[in-house]
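**Student:** Provided herewith is a single structure, encoded as structure tokens, for subsequent inquiry.
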Amino acid sequence: MSIVVKNNIHWVGQRDWEVRDFHGTEYKTLRGSSYNSYLIREEKNVLIDTVDHKFSREFVQNLRNEIDLADIDYIVINHAEEDHAGALTELMAQIPDTPIYCTANAIDSINGHHHHPEWNFNVVKTGDTLDIGNGKQLIFVETPMLHWPDSMMTYLTGDAVLFSNDAFGQHYCDEHLFNDEVDQTELFEQCQRYYANILTPFSRLVTPKITEILGFNLPVDMIATSHGVVWRDNPTQIVELYLKWAADYQEDRITIFYDTMSNNTRMMADAIAQGIAETDPRVAVKIFNVARSDKNEILTNVFRSKGVLVGTSTMNNVMMPKIAGLVEEMTGLRFRNKRASAFGSHGWSGGAVDRLSTRLQDAGFEMSLSLKAKWRPDQDALKLCREHGREIARQWALAPLPQSTVNTVVKEETSATTTADLGPRMQCSVCQWIYDPAKGEPMQDVAPGTPWSEVPDNFLCPECSLGKDVFEELASEAK
């Protein structure tokens, strides 16, 4: 089924509701994706891109229902990756002599994937045009490393449509094609996720390339992407967002992520977050356990943040493998204008936190002091964690802190009145983990200030996973 994009332009792509992994398993496409291909029917008929290789047969059959394949005059390949040009082999088997217009780098990539050097390739460069009749032309603009060396965009005069390739896209599947037809919150979340996880390394190229395209002084009524929606309602809004995201983007936000073996590093993360919130209540703080969280959501939050705190237990003298992998990804994403601090617990040897600090510095983060704890943090260690959080809040503040937080000395022990109001702390009789009503248990949506009597019956001990019935009033507080 085709969809009219504008006048003689039809979408002939493929929706993929079920795909959950992209680029191997590195990008989680939680809302599916689409592979957008466009058929332009003027005096000359032009196909712009194909679809993912796994849909090759369906694509060619659907295309045959729209047009006699022999009537396709030109094929434009904006990008040679398999989710864009994957159906070329199936298509070219039917129309082997059809001219393919692409960049010089794309020829190498296409041959590397499809192994057909005999195809009728035609190299185009920025500013080259192709007349398709009825007073309309295609204008080509090379966009190397956004995000492959072969990438380019194609502009259709007359209709003022920019076929933008991966730029301005999102892995987002919906029955509706246009941006004004879909859920706006979902759409912009997926746009930012896409930019943060795929295009961030090339941010330094985004602004100059957009400036170059704007320099052609061509009107843009629509932006037709390779994935997700077509921008027809105020298409410049996504361009403006890209310019914003490319400019060393940050919000007043701190991301904390960690991995842990015995919940010791997790206790540190919670205490650090409390210290930050006490000192700067305006900052948004998000905490993630990497073993239980969507990696791409973590990286999107890092992209949005002014700083990141990374925690790891020590395992065989080095950091936990999932932390090491995520830090390696952050190195490749080349985040800018962000600060970092490492923390973690260890037993007899240690070593992971120092190694982590070095890796974060190598990744381009401006480093703050790290923090270590031996074995399970006791009350004194947790006090240090909260103070570390306060210091981080002060060092990383984007604006002067509220005067009340500057002048107030935060007390570590809750006042007698407050303690009495919240009731006693409770200790797991199996593993000795302590529930403190003043802190709550954020990982189970138990807010700070929740007395034990109001903790849900399905609550589980974070360490041993046993229920409320194994908890007893802490001996030191028993009356």
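Glycine is no exception: its Cβ is also placed from the backbone N, Cα and C atoms.
Under the heading Fe cation 1 binding site, Swiss-Prot lists His79, Glu81, His147, Asp166. Sequence annotations record features per position, and here Swiss-Prot assigns FMN binding site to 260-264, 342-369 based on similarity to another entry. Annotated domain 'Flavodoxin-like' per Swiss-Prot: 254-393, in sequence order. The region 'Zinc metallo-hydrolase' annotation in Swiss-Prot covers 30-210.
What does the local environment look like for each feature on the list?
**Tutor:** Sequence-distant neighbours of Asp166 (Fe cation 1 binding site): residues of the same chain at least 6 apart with a C-beta under 8 Å from its C-beta are His79, Leu146, His147, Ser151, Ile198, Leu199, Thr225, Ser226, His227. Reduced to three states, the DSSP call for Asp166 (Fe cation 1 binding site) is coil.
The Cβ of Met367 (FMN binding site) has 13 other Cβ atoms within 10 Å, all protein chains considered.
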**Student:** Going by DSSP, how much of the domain 'Flavodoxin-like' (254-393) is helix, how much is strand and how much is coil, in residues?
**Tutor:** 65 helix, 36 strand, 39 coil
**Student:** Given Ser357 (FMN binding site) and Glu81 (Fe cation 1 binding site), what distance in Å do their CA atoms have, once rounded to a whole number?
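**Tutor:** So the alpha carbons of Ser357 (FMN binding site) and Glu81 (Fe cation 1 binding site) sit roughly 36 Å from each other.
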**Student:** To the nearest whole angstrom, what is the C-alpha distance linking Thr260 (FMN binding site) and Glu81 (Fe cation 1 binding site)?
**Tutor:** 38
**Student:** State the Cα to Cα distance, in Å, between Met367 (FMN binding site) and Glu81 (Fe cation 1 binding site), rounded to an integer.
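**Tutor:** If we compare the Cα positions of Met367 (FMN binding site) and Glu81 (Fe cation 1 binding site), the gap is 37 Å.
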**Student:** Sorry to bug you, but what's the C-alpha spacing from Glu81 (Fe cation 1 binding site) to Ala342 (FMN binding site), rounded to the closest Å?
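**Tutor:** Approximately 37 Å lies between the Cα of Ala342 (FMN binding site) and that of Glu81 (Fe cation 1 binding site).
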**Student:** Could you tell me which of these binding-site residues, Glu81, Asp362, has the fewest other Cβ atoms within 10 Å of its Cβ?
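**Tutor:** Relative to the other binding-site residues in Glu81, Asp362, Asp362 has the fewest Cβ atoms within 10 Å.
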